[in-house]
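What follows is a set of notes on a single structure, which appears directly below.
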Amino acid sequence: MRAISTQGVSLVSRIVGATLGAFALTGLLTAATSVLLIRMGADPVEAATGTTIASFAVFAIAAMWVFHARSVLRAWIWLAVIGAPCAVIVLTLGARAAAG
Amino acid sequence: MKSTFRQSMACLHTWTGLLPGWFLFVIFLFGTIAYYQQEISHWMRPEIESGPVSARALDGADAILRQRAQGAGSWTIAIPDGRGGDGFTVSWAKPGAAWGDRTQVMLDPQTGAETAPRDTRGGFFLYRMHFDLHYMPVMWARYLVSLAALAMLVAIVSGIITHKKIFADFFLLRFGKGQRSWLDAHNVTAVMALPFYLMITYTGLVSLLFTLFPWAISASFPSEQAYYKAAFPSAPAAEVSSGPAPVMPLRDLVSRVNHAVPGYKAGYVTVNNPGSAGATLDAYPQYDEFGGARGSVHLDAVTGKVLAVPPAAGGATTTQRVMIDLHAGRFSGWGLRLLYFVSGLFGTVMVGTGLVLWTVKRRTRLPDPDRPYFGFWLAERLNIAVITGTPAGIAAYFLANRLLPHDLEQRADWEINSLFMVWGGVLVWAMARPARRGWVEGLSACAALFAAVPVINALTTPRGLVASLMRGDLLFAAFDLSMLATAALFAFAAWRVLTRRAKVPPRRTPREARGAFA
């Protein structure tokens, strides 16, 4: 069996990053922004609706950016660097966390 | 990836366009047709006249409900807007009965007389097919449609980057040049209505908001119910009053609803516990006002007192409404509606030419064009099955509406099954035939089926094309004429494929293929 080339692994990783990676990042960013807006006094329905309306543009930009990134590893690092604080915000300040 | 931004975007455009492309073609085509869903509904129910619901018809509905729906748990009244087609219907059910056990009566919107048109879902089915598909749970369909729309958004933006010469391409349409012509056709249809595609894709995603990214709700609200409770507040609980009391006349109730909120037009009215002193009314609007209210108006159905009106919308919610209205175009008059329809057709052609371009471009590179690799074979067959099969199915839907016996059990379902049977037939045929023959035969089948629609209409109803023209019935005449025009276009396409292939066999032009970047 022929060994899978590094290029092939890199391409698959890039495709996963541009789809699932961008998807996860968009979800986290949308949720975290909504939570932050509510903490800053926005109406919850307005915050959730507004951030979700913007989410599709965020996804498109994220997907194109991961697809074009110079190295796949760097793209994944950036996804993690932006995604992790969002996850922390959602877990600590989110409504379910606040409700206990 | 050692490539320029444009090259990587070209690659992204190819694959985000191709993989959901067949699905997008279907969504685009049904969505485009849905701009005329009520006109189609009208044609598919030739027994009823169309038009706004008159006060006389409201009185007729009122009389029927009072006489025949005494003791019912609820009454519902569906009031179509002036475009009509969907009939003016009332329904009722015994207290505690299931929704499916309701008695439904359709009335003439002008006279209020009871009518019983043939059982059909009309243009409404074509509209629902656009985002709910068929034969599958609605939520699955909406996930699939949203994913395809998201891919479309990425395909559009990466496509804009790929085709940097947007304005030069706009004036460049070279006929009879094989791959160049397909690329030009794709570019021209793409650029022509580019703002429309961006708008329609984005607003489409917003129409199914929270389908793909529900996490703003899960992070911001303790539960999903909490969100819905906050977004769509329910009516204040009515005072529990015992004893019988008559419901106010329906026409007065509707008038009170319409005056409760400026611009509000009651579209769907439910009267709860009619006949008791605690009867209430919920009304939902007709949605044909641009950016208009979505929520319901609640009345005391005995006194007509307004109990609640929709809460004022904030910035984000208003944006959402405006986007949904822009997408559905319900507010538009005939001119804007035509523009929506034509832009939608261009979008359908854009997706279709993009799909064909993928195969045309790769055919020149095949080692043996008669024995392509599986992926190419599949793409080519799916192109035929989707591009010619979908319209053929829609023509069959119209034909079934005229040909199926009126007393057939589940007649409306069989109209829909006819659509999919013809579509499936074209798919099987496309798989079995050589590609060129498949194209010619698929396109010819479409031409024949669409040409048959006005003929069958004239034979089975008194509202054929000639009769409609004599009567001055513009809607019926326009429907039949557009069927003939569609048939002519398909016949022309079939003739082009047949004759052009014979004259100019596909040549291998690797330089041209390398130069093209789609």
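Using N, Cα and C of the backbone, Cβ positions are placed for all residues, glycine too.
Where the annotation comes from TrEMBL, it is an automatic prediction and has not been curated.
As given in TrEMBL:
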TRANSMEM  B:12-36  transmembrane segment
TRANSMEM  B:140-161  transmembrane segment
TRANSMEM  B:196-217  transmembrane segment
TRANSMEM  B:338-360  transmembrane segment
TRANSMEM  B:381-400  transmembrane segment
TRANSMEM  B:412-432  transmembrane segment
TRANSMEM  B:439-459  transmembrane segment
TRANSMEM  B:474-498  transmembrane segment
Residues from the same chain, set at least six apart from the ends of the transmembrane segment (B:140-161), whose C-beta lies under 8 A from its own: 5-6, 9-10, 12-13, 16-17, 19-20, 23-24, 27, 131-133, 190, 194, 197-198, 201-202, 204-205, 208, 211-212
Close approaches to the transmembrane segment (B:412-432) from elsewhere in its chain (Cβ under 8 angstroms; 6 or more beyond its ends): 119-121, 125, 134-135, 381, 384-385, 388-390, 392-397, 399-401, 404, 438, 441-442, 445, 449
Maximum Cβ pairs under 8 Å to the transmembrane segment (B:474-498) - stretch from the list B:12-36, B:196-217, B:338-360, B:381-400, B:439-459: B:439-459
Top partner of the transmembrane segment (B:338-360) among B:12-36, B:196-217, B:381-400, B:439-459 - counted as Cβ pairs under 8 Å: B:12-36
Beyond the flanks of the transmembrane segment (B:196-217) by 6 or more, those residues with Cβ under 8 Å of it: 31, 131, 142-143, 145-147, 149-150, 152-153, 156, 190, 224, 227, 320, 323-324, 326-328, 343-344, 346-347, 350
Beyond the flanks of the transmembrane segment (B:381-400) by 6 or more, those residues with Cβ under 8 Å of it: 22, 25-26, 29, 33, 43-44, 125-126, 352, 355-356, 359, 414-416, 418-424, 426-427, 430-431, 435, 438-439, 442-443, 445-446, 449-450, 452-453, 456, 483, 486, 490
